[in-house]
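Reading through the structure tokens given below for one structure.
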């Protein structure tokens, strides 16, 4: 493998699995050039740069649900496909792998138009539109969850798991040092972009958490950081660590006893690999409610508790969190259940699949 393009964008749920595969490729093939192709308007350019990857941006945005703005988005998609097509000619990839999102639509379609081998990876239990369309033009579809097997042609599918970055795999392989019973640590994450409903629920819970001696590490998202930071200061919660974005999420997982977060596919996969008990609050407006489906995968196995956003106001959130953090035996059982669902080998399985695909797929020149 000499040159590979990974294409996706929009949210960390698409981006981080791509970065995990990039890590695996570079570990196995140090001379291989990996190019990240994403959108111009999301966090992917910054995240790719932090991972040491070259980046090409495409002027693509979502088309569905944008009303009159869909016209401009459609022109942007056409321009994105044209730019991706030109990049394919210059970079000359051996293979292209898409991880969903509109940038992946442009990138994978351009690869197929150029006659380059291509594959896609679906993270969620309910497939997104991009991958449902692209599955018709690629020979291989990598899946994260068995629930998705019936959504694509069976001869194309490979159940590989959702790739997780090596630092998180290492976190899961190491058992946390035993802590005194009075030490209780809550990690709060609303995804790469934050989650206002989760942020507000935690702020309302701060007095009770402080009284119970709970330490909090809180990822707010950039838009909410200043407001939530002030709320912590006003409530006098001296044990709170508030950040817009946590760069070293593996260290955060290793630190935490319990995680309160959304139920994006990548978050769910990371929780499983890291072996972390969780309270999951699915984003209620996700396409096809896929976050609720993702959450139920862990909840049904005893690794997480489901808290629907519509029920937050009617739920005693402080009692729920403190109750879980005070029950060390239950947390341990949840951790074991989570770890049993993890696929720490997912990135390796995807790269194995790409290598096999290269052996069997003719490449146009």
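Cβ from N, Cα, C; glycine included.
Copied over from Swiss-Prot, here are the features:
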| type | residues | note |
| --- | --- | --- |
| BINDING | 11, 12, 13, 124, 165, 192, 246, 291 | UDP-N-acetyl-alpha-D-glucosamine binding site |
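Shown on the structure are the features that Swiss-Prot records.
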residue	record	Cβ contacts under 8 Å, 6 or more apart
124	UDP-N-acetyl-alpha-D-glucosamine binding site	13, 100, 144, 145, 148, 265, 290, 293, 294
165	UDP-N-acetyl-alpha-D-glucosamine binding site	16, 19, 20, 23, 250
246	UDP-N-acetyl-alpha-D-glucosamine binding site	189, 217, 219, 252
291	UDP-N-acetyl-alpha-D-glucosamine binding site	262, 263, 264, 282, 283, 284
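Of the listed binding-site residues 12, 13, the Cβ environment within 10 Å is emptiest of other Cβ atoms at 12.
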